[in-house]
Amino acid sequence: MIRFEQVGKRYPNGHTGLVDVSFRVHRGEMVFVTGHSGAGKSTLLKLILALEKADAGKILLAGQDISEITHAQIPFLRRQIGVVFQNHRLLPDRSVFENVALPLQILGLSREQMTKRVHAALDKVGLLRKEKCLPQDISTGEQQRVGIARAVVHKPALLLADEPTGNLDPRLAAEIMGLFEDFHRAGTTVLVASHDLALIARMRHRLLTLQRGRIIGDGESG
Amino acid sequence: MSDKPQKIGQEAAAARPAKRGAKRDQHGWRETLRAYGRSHKASLHDSVGRLWAQPISTLLTWLVMGIALSLPMGMGLLLDSLEKLGGSWQRAAQISVFLELRLPEAESQALSLRIADMAHVADVELISREQALAEFQQQSGLGEALKELPENPLPALIVVTPKEVERAGLEALLSELQGLPGVAQAQLDLAWVERLAAMLSLGQRFVFGIALLLIAGLLLVVGNTIRLAIEGRRQEIEVIKLVGGTDGYVRRPFLYIGVLYGFGAGLIAWVLLAFGLSWLNDAVVRLAGLYQSDFALIGVPVEEGLLLMLGSVMLGYCGAWLAVGRHLRELEAQVQ
C-alpha cells in the first residue's frame, strides 16, 4: 500500500526532515509512527499527502509514484486518503453535517448519496444527533470525532492521522484510538503519527520509530 | 455506510478527468458530468448565498462597478448621437447658390431645373427673393426695420444638395455651379463638418482611453473584492485542498462571485444609462429645437445593453480569475 524507498527530505532552512527512510505498509495494516518532536513524523505524512516533495528516493502509494505526479494529479491522490489532524481543522461556520460532507461535495455526490454517507459516518463516530451543531458548540473530543468522520466519509483506502489525540485527555484519546482500530478492522490501512507512547503501548500494532529523520525501530508496540 | 474502504482510485475516479484516449463507459461519463454539474450548482448556490448574506457590501460593489461602467458607455452613446448628427453630411455639405439680384424669377426657376439635372446633384430647393426676405425678417427680429427698405436687398437662392460628400467632388461641383450664367456666388462650407469630425475623433480617443482606465479599475475592484473573499475563506480553502479539492473546485465559487458582480454591475449601468440619457435628452431636445434641429440623444439600444451586460460579466469573470489564480499560488505554499 505504502512504500518508501530511501526517501530523503531536507527543508530550505537546513532542517532535516527524513534521511534514507525505507519501509513498507501493507494493505489493511495499522501502523504507528512515533518519535520526538522534530523526528520527522509530520514530514512523513506530508510526503504521502504530496504536501511536500521528497528530495531523494521514491514513495509509492498503491504502486503509484507520488514523487512523479503532476500538480493537477495531487487532488486526485488526496481523495484516496483520509486525513485527521491534531487540531481537527473543522470549518467554524459550517455545521457538523456540512463539515463531514465536504469531501463528498468535492466528489460531486448527489444530496441523497451525501446525506446517506454523512449519516453513516457520523453514526460510526457516535455523533449522529449533533449533525446540526456548529463545531464550537461541541466538545474537543467530539470535534476530533467529527474530523475522523470527515476523513472516512468518502471511504478512503488509507487513513492518516497526525497526532490525533494530542489535545485530548487519556479517556478521550483511548476512544479516538478505538475508532481508528475499528476502521482498521474494516480493512482500511491506518497510519497514525503520535508521540503518546503510553497510549500506543496499550495497542498491539506495528510501530515505526523515527529519530532525527531516520527510522531507528520497526517492531510491534506494547 | 459500508465499512469496506474503496480500493485506491475507485471512488475518486468518479470526479477525475479521463486521460486522453482512455475508454470510459457511457455510465461513467454520465456520472462524471452529473458530478460536475452538481459541483457547479453547489458553487453557484454558495456564491449567491454569500452575496445575499452581505447585501450592503454587495450593493456597494455593484454600484461602484455599475457607475464606472456607465461612464465610458454613456460617453460612447453621446458620441454616437453626435456622429448621427454629423452623419447628415449631405445636409451639412449643401451648396448655397446665390443668383444675380436682377435675375427674373422664370430664369431662376429654369436655372434651378438645370442644376437639378446635373449628375452629382441629389436635390435642389429654390428660395425666391420674397421667401428669403420673409425668412430673414422672421429670424433676425428686424421685421419692422426691413419693411422700411425701399426694395428687397436679398437675392434668390438655390440650395443644392450633392449626391456624395467628398471634398474633391464637392469642389468640382462648386466651381461648375459658380460658372453658370445668372449665378452671382456659390458657397460651400465644409470647415465645420471637418471640425466636427476632428472633434468626434478626439472624443472617441478620449472615451477609449477612459474606457481602458475604467476597465483596469474595474478589474482591480473585482480583484480586490475577491481577494478579501479569499482571505475570509482561507481556512476553508486550505481544508478543501487537503481533502482533494482541485484548483478548479476552489476557484469556481469565486468565479461565480465575479460573474455575479459583473452581472449586477452591468444591470445597474444599463439602468443608469437609460435613465440618465432620458433625463439629459429633454434638455438636448429643447436646445436642438432652438436651432431648428430635431436632434435627440440615442437611448441604450437593446443590443448595446446586452453587450454591456456581457462585457461586464466578462470583466467580473476575468477579475476573479486573475485574483484567484494569484492567491491560489500563495495558498498552495501556505497549505504546506
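A Cβ is built for glycine as well, from the same backbone N, Cα and C atoms used for every other residue.
As recorded in TrEMBL:
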REGION    B:1-27  region 'Disordered'
TRANSMEM  B:59-79  transmembrane segment
DOMAIN    B:94-184  domain 'FtsX extracellular'
TRANSMEM  B:206-226  transmembrane segment
DOMAIN    B:210-323  domain 'ABC3 transporter permease C-terminal'
TRANSMEM  B:254-280  transmembrane segment
TRANSMEM  B:305-324  transmembrane segment
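Outside the transmembrane segment (B:59-79), and at least 6 residues removed from its termini, the chain residues within Cβ reach (under 8 Å) are 200, 203-204, 206-207, 210-211, 214, 217-218, 221-222, 225, 261-262, 264-269, 271-273, 276-277, 297-298, 300, 304, 308, 311-312, 315-316. On the 0 to 100 pLDDT scale, the model's mean across the domain 'ABC3 transporter permease C-terminal' (B:210-323) is 88.
Helix, strand and coil content of the domain 'ABC3 transporter permease C-terminal' (B:210-323), in residues and according to DSSP, is 98 helix, 0 strand, 16 coil.
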